[in-house]
Amino acid sequence: MPDDMARPLIRERAGGSRHLEASMMTPSTLLIGILGTGDFSRSLARRLVASGYQVVVGSRTPARFTALFPEEAEVTSQMEAANQADLLFVAVYPEHHSTLVHLKPALAGKTLVDVSNGLQIKQEGPSNAQQLADLFPESYVVKGFNTISAWTLQAGPRDGSRQVFLCSDDQNAKSSVMQLCRRMGFIPVDMGLLSSSLEIENLPLYLFPSWRTPIICALALFVFFYLYNSVRDVLHPYVTTKKNNLYKLPIEIVNVTFPCVALVMLSLVYLPGLIAAFLQLWWGTKYNRFPNWLDHWLIQRKQFGLCSFLCAVLHAIYSLCLPMRKSARFQLINKAYEQVNAGHPDSWVGEEVWRMELYLSVGIMALGLLSLLAVTSLPSVANTVNWREFTFVQSTLGYCALSMATLHTLIFGWNRAFLSAQYYFYMPPTFLLVLILPLAVLLGRVALFLPCVGHRLGQIRRGWEKSRHIRFILPDDDCRNGLENVSNV
């Protein structure tokens, strides 16, 4: 009976005691092993040594790579490193994992950190880490450090991302690697079980997934407006008067195109929020799921806004360069000669002067507000403001920027929308096409700001449902808390 009482209720896995001891060791006594001698291995060894760890590096040819590693790190054979280390980083390509099978007895009961990445995005498993776990069933595999570059490891977390995504089926192994991450200056992010390793391995392979749609949209708008302006300003004069205006294509046509793209892209930032708000009003509830296309559109509003800001900045730079062109100087000299020969030396036109003054002033204010929106979207800035401040800048000031940009375009057009001579080939002036979307967005925003509509939307956002006949009274200041409360989604 005493023997039965002394027997443990749960049998430990082979090497479990060694595994538990490794997780409780201090950095000065914990020996970290690295299998592999590539760039990542060297950077990792330097970072571990700088963090106070003892490091042993396993190589097939130790003498060849000893000089490449820090003096504090011991470079030895793979078998010797596997025997000595308490925790090992597997820093070899996944197709070479099978060459480590002879180390299986030495690695039993130890934690293996897989840092490998695939060559392409995988939609289905198994992942590299899962394949490594199948090769070494008696070891504890942790996926991590694959999103950290060799440069970040060598220079330190201050010059790169500080997050390290980790996952494992063994909690003790994962905890020991998380402790190691913190000592190295990184922030571990627990991603759960090893089944999440496929997602972690795909992270470094994505190429701007959230930027794809905004960039395609901006390029499509640029091509459309560039061709449209070219037909009006280059092709039409050549067809009607045989005048060659091809010189306008590199600078002038591009300069007219960028503000068109900027204003439409800025409108596309706020249009999905309006669509979502009107859908909630139509449904009478906030618990219905938005369509997938609207969900993705809402998520990518930041990228749409930054593309708009880029086009606005390029428009400002191109505008500053206009007077430096030879063609502009020749046109100015020709105008001066024409006025002198016509006997009208005074060319002052008050209406044109006022139009240009207002046009530039409003444009500068619009660009300034867009700059503020762009700066606030930076994570380092957004983390320093609370939600109400962030919403005020991105929503209230964002609509002010859209209003200023729309007014900037209206002043540019002035009365040319009512002149039949401006409709070349029966095509309306470009600014008329550009104004359709921003004016629609601003009118939709004004409609949501009406007390009856805003009050009902506020109720829906706080849980009211039309079908369930739930009744409650909003606080007095709920609908008067600023422009952002009724349209932000």
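Positions of Cβ are set from backbone N, Cα and C atoms, glycine also.
The annotation domain 'Pyrroline-5-carboxylate reductase catalytic N-terminal' is assigned in TrEMBL to 32-118. Annotation source TrEMBL lists transmembrane segment at 205-228, 256-283, 304-325, 358-378, 390-411, 431-453. Taken from TrEMBL, the feature domain 'Ferric oxidoreductase' covers 260-401.
Break the domain 'Ferric oxidoreductase' (260-401) down by DSSP state and the numbers are 118 helix, 0 strand, 24 coil. For the transmembrane segment (431-453), same-chain residues at least 6 beyond its ends with a Cβ under 8 Å from one of its own Cβ atoms are 225, 228, 259-260, 263-264, 266-268, 270-271, 274, 277-278, 281, 399, 402-403, 405-406, 409-410, 412-413, 416-417, 479, 483, 486-487.
In the predicted model, the domain 'Ferric oxidoreductase' (260-401) has a mean pLDDT of 90. Counted with DSSP, the domain 'Pyrroline-5-carboxylate reductase catalytic N-terminal' (32-118) comes out as 40 helix, 22 strand, 25 coil.
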